[in-house]
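Annotated in TrEMBL:
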| type | residues | note |
| --- | --- | --- |
| ACT_SITE | Asp156 | active site |
| ACT_SITE | Asp178 | active site |
| TRANSMEM | 21-39 | transmembrane segment |
| TRANSMEM | 103-121 | transmembrane segment |
| TRANSMEM | 133-151 | transmembrane segment |
| TRANSMEM | 171-193 | transmembrane segment |
Amino acid sequence: MQKDSLDILPAPVTKKSSKRSLLGFFFLCIGFILLDQSTKLWSEKHFLVSSSTTDIRTYYPSSQHIFTLGSPVNWLDFNTTYVRNTGAAWGFLGNLPENIRPYFFYILTIVAMIVILIFFFKTKADLLSTRLGIAFIFAGAAGNFIDRLWLHYVIDWIHVEWSLLSWQYDYPVFNIADCCVTIGVIILLIDTVREELQARKLRKLKKD
């Protein structure tokens, strides 16, 4: 019983492991930010036909089909489609006045990134999966923030359509940064469930 309880206790944190965790956070963030920005530049180069020099919302994009899964019924279509998103996820708040919208998203994103960093440094270095999830979310937030800062909009280019039986859904166009945020949230959710199960096991062992 005592051995079982010791098995689920976290290992002691050392300065070396803390430093490794911090370096891992840094390189993972830089890597995914570079991947996000390079794919956005690629999509703009290949799928932007023309755009207005005065209105960022006036542009003419193109789309290219990549592959389809499912035969004879297509259940997943993957395409590349250039989109300028002036709002948040799914274009939310994209219709805010021009003199308010950029600054609103600047402040919102900066506050979110500060909170994410605080959460990271308050998380113990031995909680690698938690720190990994935080790193993914930070990389995604930073990738889209760079777009907003320099372009005043976010470039989206991944276009997925899928169907399940009679239900068809055209998913809003997204990018690598959005994928990072989604992956990070999923990791944190799984980690939360895992920690809760471990806590229940520990409480049960203490009662026994």
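Glycine is no exception: its Cβ is also placed from the backbone N, Cα and C atoms.
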Position of peak Cβ density within 10 Å, selected from the active-site residues Asp156, Asp178: Asp156
Residues from the same chain, set at least six apart from the ends of the transmembrane segment (171-193), whose C-beta lies under 8 A from its own: 32-33, 35-36, 39-40, 81, 83, 85, 89-91, 127, 129-130, 132-144, 154-162
Where Asp156 (active site) sits in the secondary structure, as DSSP reduces it to three classes: strand
